[in-house]
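S.K.: According to Swiss-Prot:
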- HIS97: active site, proton acceptor (ACT_SITE)
- HIS266: heme b binding site (BINDING)
- ARG93: site 'Transition state stabilizer' (SITE)
Amino acid sequence: MGDQQNAGKCPVMHGAMTSAGKSNMDWWPNNLNLDILHQHDRKTNPMGEDFDYREEVQKLDFDAVKKDLTELMTNSQDWWPADWGHYGGLMIRMAWHAAGSYRVADGRGGGGTGNQRFAPINSWPDNANLDKARRLLWPIKKKYGNKLSWADLIILAGNVAYESMGFKTFGFSFGREDIWHPEKDTYWGSEKEWLAPSDNPESRYSGDRESLENPLAAVMMGLIYVNPEGVDGNPDPLKTAEDVRVTFARMAMNDEETVALTAGGHTVGKCHGNGDAEKIGPEPEAADVEEQGLGWRNLASRGVGRDTVTSGLEGAWTTHPTRWDDGYFDMLLNHEWELTKSPAGAWQWQPVDIKEEDMPVDVEDPSIRHMPMMTDADMAMKMDPEYRKYAERFQKDPEYFNEVFARAWFKLIHRDMGPKTRYIGPEAPDEDLIWQDPVPAGNTGYDVDAVKAKIADSGLSISEMVATAWDSARTFRGSDYRGGANGARIRLAPQKDWEGNEPERLSKVLGVLEGIAADTGASVADTIVLAGNVGIEQAAKAAGHDITVPFAPGRGDASQEMTDEESFEYLEPLSDGYRNWLKKDYAVAPEEMMLDRTQLLGLTAPEMTVLIGGMRVLGTNHGGTQHGVFTDREGQLTNDFFVNLTDMNYAWEPVGNNLYEIRDRKTGETRWTATRVDLVFGSNSILRSYAEVYAQDDNKEKFVKDFVAAWNKVMNADRFDLA
């Protein structure tokens, strides 16, 4: 009886939390989520510490992989048959939806990590049945193993699909490294349900369609871009055009690229909605174990071929959906269209009158023809005046369309790979493209010590040198490998005028450093970083530590012509916890904004901690404020920030919005002021544990060494030329 009463209880004596149960973030949701700084480490990676994918992929037989992929396109499998005997449309959709999750605001998303294999992306409604595409690729992934990442394979499959249907692509680069668990740093929205409409209580809209919450680039939870049926599922091509324009712009695409990508994506393949959408099983993450990671099982019919239900819309856009041609524009512009509903009940458009020979054939029986269809987004290309202008030009000049689409598609699938120096493989194009943020090769043959000596004698202060170097490097984003010190774009528009860069101070410092660079043959980019290093060495020496900050010459200087000002505006800092600065008050807490920047810089929580403590005592605060400068020895690289932060002789009192006073408990005397960013290193239990390490009497030297190592990591974050 007792055994029966205990049946169903956790059989593991220690009660480890392997599934259900509240996490710390559930109990205390306002706590800092430091987990975003510690993802994708060796504990989750099955590859050995010595494994370097970017070296391994160069051993790949590139031609053999493409040959195998080309053969796969027409090797239809009974368990998931190819439409018209060709998997091209499916593979393109898979690659598109991987790359298309990128957003320019924070560089996150995109196809560069193989994240489509994991939640939530693998289970988004917009990615229905892409699980089948990846399973079709498994034999190729299995064959080439460690030399070919899922991330590269998913994107390459889309590229080869186009080529197999007659399109000449612009090129392809390998080098995307796989992750091994879902990303924790990417914000996909706050809605609690898939496809929640814009009047949802947790809506990503606060007003008109341009009020889409930053940094999001999709109109609904679970979509890549827009709702194909119309805004909130209500057909209206002109309103949908607004959504298309906003979402594609947030992926750094202009109107011409948007029309080209829409047309190129819909020239081939079809939508699937020939059935009852209510009879589709759960997505992969919700499916039972016997489904083996697959989802969306059709519970009402055989669910493949002509009976497939995916988006709910049904039909092909063109007459020949497995052939690259200019049929999309002829179909769209040469016909009048009327609203109808698919068998699954989705809104779509069909031609009012069409010749039978212009109708696409059935995916299984070529003797049967079906009506073509257009989504509301396709109709936006016809109805919106700006979009139609490009559509008509493309219709009249197919070669021009091919060129624009080839470049836009290449941009789409490489946007998150960073500069051209990261490209690998025989098909990587040589041309410099402005969206790659090109940087000329730098000089390594100058006398580094001579440059450092001139900087030391220049009269620049420690804070001026360190702050300028930091500002130059802090723009780096590990999400899409943009920004950083290489190129010295801090001296160019728009960065030279950013409030966070203190333009007046910056102009003064650059005036000195540019002269030194010209005299010595060093690049301005190298000279800026060297100045920061000189400042740190001086501050360390003043504190009794004789150190040399590591330095690798070779940074180049970009020109204004190499710089897309509009695109770089997205890199402007709105805050910088490292320099204790907020452009204005935001709904997001300052410490959360610091955490976001830290993650983009690729830093760990201990590295963030030691950098904050060092930057404070070096006097690098924006505008020279004294918040968080817990020392009487400003300009010396000491651990005073941590010593005084953890000293119980002091009490911390709020005196305003994001402002605190540090008072002597006995006398009541105010010793220092602080912000939330400062105090979080004493209040958060994890960060306090790091702060205590650096406050210890025996860790003064460790503090200096760790600060220098973290500093060097930031300065070299964009040095993809270094081993």
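Any Cβ shown, glycine's included, is placed from N, Cα and C.
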S.K.: If you draw a 10 Å sphere on the Cβ of ARG93 (site 'Transition state stabilizer'), how many other Cβ atoms land inside?
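M.R.: I get 26 for this one.
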S.K.: Just to be sure I understand the packing, how many Cβ atoms besides its own are within 10 Å of the Cβ of the residue listed as 'heme b binding site'?
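M.R.: The residue listed as 'heme b binding site' is surrounded by 25 other Cβ atoms within 10 Å.
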S.K.: Taking the Cα atoms as reference points, how far is HIS266 (heme b binding site) from HIS97 (active site, proton acceptor) in Å?
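M.R.: Between the alpha carbons of HIS266 (heme b binding site) and HIS97 (active site, proton acceptor) there are 13 Å.
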S.K.: HIS97 (active site, proton acceptor) has how many other Cβ neighbours within 10 Å of its own Cβ?
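M.R.: Cβ-Cβ neighbours of HIS97 (active site, proton acceptor) within 10 Å number 22.
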S.K.: Which of the three DSSP states, helix, strand or coil, fits HIS266 (heme b binding site)?
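M.R.: SS state of HIS266 (heme b binding site) = helix.
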